[in-house]
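Participant: Let me begin by handing over the structure; questions about it come next.
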Amino acid sequence: MTRENVAHNALRQEGLVKGKDDTWKWGTSFQGSSSSVWETSHLHFRQLRYHETSGPQEALSRLRELCRRWLRPEARTKAQILELLVLEQFLSILPGEIRTWVQLHHPGSGEEAVALVEELQKDLDGPAIQVPVLVKDQDTLQKVVSAPGTTLPPVLPGSHIAAEICPHPPTDLVAFNLQDPQHDSPAPEASALSQEENPRNQLMALMLLTAQPQELVMFEEVSVCFTSEEWACLGPIQRALYWDVMLENYGNVTSLEWETMTENEEVTSKPSSSQRADSHKGTSKRLQGSVPQVLDFEEECEWQVLASQWGNETDERADTVKKVSLCERDKKKRTPPEKQGQKWKELGDSLTFGSAISESLIGTEGKKFYKCDMCCKHFNKISHLINHRRIHTGEKPHKCKECGKGFIQRSSLLMHLRNHSGEKPYKCNECGKAFSQSAYLLNHQRIHTGEKPYKCKECGKGFYRHSGLIIHLRRHSGERPYKCNECGKVFSQNAYLIDHQRLHKGEEPYKCNKCQKAFILKKSLILHQRIHSGEKPYKCDECGKTFAQTTYLIDHQRLHSAENPYKCKECGKVFIRSKSLLLHQRVHTEKKTFGCKKCGKIFSSKSNFIDHKRMHSREKPYKCTECGKAFTQSAYLFDHQRLHNGEKPYECNECGKVFILKKSLILHQRFHTGENLYECKDCGKVFGSNRNLIDHERLHNGEKPYECRECGKTFIMSKSFMVHQKLHTQEKAYKCEDCGKAFSYNSSLLVHRRIHTGEKPFECSECGRAFSSNRNLIEHKRIHSGEKPYECDECGKCFILKKSLIGHQRIHTREKSYKCNDCGKVFSYRSNLIAHQRIHTGEKPYACSECGKGFTYNRNLIEHQRIHSGEKTYECHVCRKVLTSSRNLMVHQRIHTGEKPYKCNECGKDFSQNKNLVVHQRMHTGEKPYECDKCRKSFTSKRNLVGHQRIHTGEKPYGCNDCSKVFRQRKNLTVHQKIHTDEKPCECDVSEKEFSQTSNLHLQQKIHTIEEFSWLQNTNESKIEIQKI
């Protein structure tokens, strides 16, 4: 009867297993002492397997009953049960041989177990150990054991169970002194007495007696072999471990040589030689290739071949095994002594419950043999167990010579080396893509076939890989088993934890070969490299647009399908992207974890925080290759590049208008639908965004929340405040290389450079006029449309430009905040102050490229250049006169309307132009700021000074095209040209006489005034004389 069947019969007697015709019931037929029942129940409770039951309900019930039989809560107190659990754990942590010795004496408490351990330690400190060996043929045994350097195989794990059941080994044991092979064997009686008195002898005897196998195995099934190259790579510690493992296997296989009992009959007290010989022949065939045994060999072992692979080792283990492995072909049939038959039977009966334990080491086909002491995991090969143990110890013996990375298995190292060599031997036949591992190829091929064999039971989603399904299931369960020891953050995947830990270490192992930028993640490097290569492998089937990342493609496709899969549970708002939902949810939770140390501003996302820090550092890593403009964010760069390529991907479905930015389309669509429009309660004006409404409302309530700490000035908008602060810091980081002028913004520098290059990329579609900045074009278009969006609250006057409104409002408030340091004059506009300062410095930065003439103002240069080009774009609708500037047109139109908006406070005189009022006021104040360098004569206006200086220089720039006559002043040329044209636009109302000049008209009008005055005077004198009469 095999040990497995014996154990099964014992369990069946106990009532804890079912027979073929039995139904399950709790039996009470177990025979034996209470101690045996307790130990057996303990073993059955620990070693019950799920496949031994019919289902989970039965497994749970059996475990409960076995635990009750083991702990006996009806008879023991809580303290006693706790002591049993502690005793079990104490025995489990003892070394194997000591645990066997302690369990041999059945300690009832922890104190008894401690006493037994201390007793054994004292005995082990004595002289050399004498090992009792069960003798079958003393001559053959003497040949093997007495060989120089003979060592016995290690005890099988789990042998302490048999030692518990067989406390008294057979008496026919012969003690051999391992240190003295020539020592004579004592008599059996003396040997038995020695074993009873010396616990060491009992312990060592049990190591041999209790190594009972469950099933016979061949040595090849548990051996681990290395090639000569692999063996050369092993270190001393690894080779020592290999010797220990192989010796352990040798001990395990050697124990299988003992004769097995038949299933249906007990072992006879005197087995015949023929029975033993037949049994021995079958056993020897199974042991073919094993190490030399104490018993008989039928075949020559292959241990010598294995030893030859180890080379010339100097280790003592090598010498020992080589000597033991000199096998002899002993054909003698050995039989145990007849007087031992009864003891063999008792031993077989006592080993009934030992087979359950030996399952943990050597099992039947399909079972796992080797158990890890750390996590109790089982393995069917000891090489797998060795590799598994390295996970607990952290040992990584296989090192990469390129990067120093360590691996537990050599196969993992070989795969890793392909990363350095670039070798990808596995190629896809569909698309030609190559892979370094076959598993990667198999997973990739499922993309072509569409196969998703791993399905989620919760939502039905399919996955190409099993690992993907496991990770997905953690979303449903919320499980995040991987925790960071630094900050306590948890992750659903170990890879995410490794990547996160690089943040703490500052490690960036992936570096770009072109720009040397480093990244934490390899996928980030791959995506970054597509910026250099311009690769966009993911294409939309609807519109043909390509993307660098598959996530961008998925998000883009949702625009076509109008899918918004991510919904906020708080407010019901839906989003295309999950990250947008996460950012939105922080609005409800008010979770803002990223704080700026410089300004104290807090952000809910790390990306926004990084973008904000670039405002302080002025870092702009994203540069346009077309115009050189730099941006703080890549999204701004993408939007900017659409200006160059003319791309406007966002089209309104209502009116067909296209936009560069999606947010511009969203704001525009609100005007069609009326959805989410923000209306001002004071004036009814609507806005597309709440931010614009808030800024607008501050105009009504006068709120200016942004205050300058330097001068105390307040502002409605933050951007206006930031621009103002640069006046105090005089921070102008952007300098023009042509003229040296500095600017606070890079955009201002780009616009300024167009003055030097003459570039005007923004053209008006109505009149074809081009501008250097888009803002100027927008302002120009208002002239054609007649739009004047800026209205004065005091007088209701409207303006095209906001700065014009601000300047106009200063007329009402009489605010002039810009003061000249040289003469103390104040101005409403900063631009006027800058232009005024050029009077003191004599600077004329705007020069004509045709004649070289310089101008203080850019507008004067533009007007001057029209003289050369003959361009006159502004026509008067009344008299069809064409003028070179809109300002001149406005001044000219006042002649027809008679409008004179500028009035002198001193004398009440009105003027059509502000400059004429300023010159007139100098007559009252006596101010003459313009002085001639030659004669020191002063003038009230600069025009008079310029005309006077031409007397000294003799310059007469204005020539007549008809008679070639030249003049110092333009007005003189104008008057002269009327002689050729006979134009007399000035007509006297009294005499209806026409004049070519207004001055002549004024003289004629004075003549009529004098004549009228004389007539009245004469009339009054006549009336007086009549009254006297």
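Here the Cβ of each residue, glycine as well, is placed from N, Cα and C on the backbone.
Sharing the features that Swiss-Prot gives for it:
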DOMAIN    42-124  domain 'SCAN box'
DOMAIN    217-289  domain 'KRAB'
REGION    262-290  region 'Disordered'
ZN_FING   370-392  zinc finger
ZN_FING   426-448  zinc finger
ZN_FING   454-476  zinc finger
ZN_FING   510-532  zinc finger
ZN_FING   650-672  zinc finger
ZN_FING   678-700  zinc finger
ZN_FING   706-728  zinc finger
ZN_FING   734-756  zinc finger
ZN_FING   790-812  zinc finger
ZN_FING   846-868  zinc finger
ZN_FING   874-896  zinc finger
ZN_FING   902-924  zinc finger
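Show me how these features fit into the structure around them.
Facilitator: Residue counts for the zinc finger (370-392) under DSSP, split into helix (H, G, I), strand (E, B) and coil, are 11 helix, 4 strand, 8 coil.
For the zinc finger (426-448), the model's pLDDT averages out at 86.
Outside the zinc finger (454-476) by six or more residues, the chain places 443, 446-447, 492-493 with a CB less than 8 A from a CB of the stretch.
Listed as Cβ neighbours of the zinc finger (510-532) (distance under 8 Å, sequence separation of 6 or more from its ends, same chain) are residues 499, 502-503, 548-549.
Remote same-chain partners of the zinc finger (650-672), defined as residues 6 or more beyond its termini with a Cβ less than 8 Å from a stretch Cβ, comprise 639, 642-643, 686, 688-689.
With DSSP classes pooled into helix, strand and coil, the tally for the zinc finger (678-700) is 11 helix, 4 strand, 8 coil.
Remote same-chain residues near the zinc finger (706-728) are listed as 695, 698-699, 744 (criterion: CB distance under 8 Å, separation of at least six residues from the stretch ends).
For the zinc finger (734-756), residue counts in helix, strand and coil come to 11 helix, 4 strand, 8 coil, using DSSP.
Beyond the ends of the zinc finger (790-812), by six or more residues, the same chain brings 779, 782-783, 828-829 to within a C-beta distance below 8 angstroms of the stretch.
Long-range contacts of the zinc finger (874-896) within the same chain: residues 783, 859, 862-863, 866-867, 912-913, each at least 6 residues beyond the stretch ends and with a Cβ under 8 Å from a Cβ of the stretch.
Packing against the zinc finger (902-924) from elsewhere in the chain are residues 891, 894-895, 940-941: each is 6 or more residues past its ends and has a CB under 8 Å from a CB in it.
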Participant: What does DSSP give as the helix, strand and coil breakdown of the zinc finger (454-476)?
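Facilitator: In the zinc finger (454-476), the DSSP-based counts are 11 helix, 4 strand, 8 coil.
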Participant: I'd like the per-state residue tally for the zinc finger (874-896) from DSSP, helix first, then strand, then coil.
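Facilitator: The breakdown for the zinc finger (874-896) reads 11 helix, 4 strand, 8 coil.
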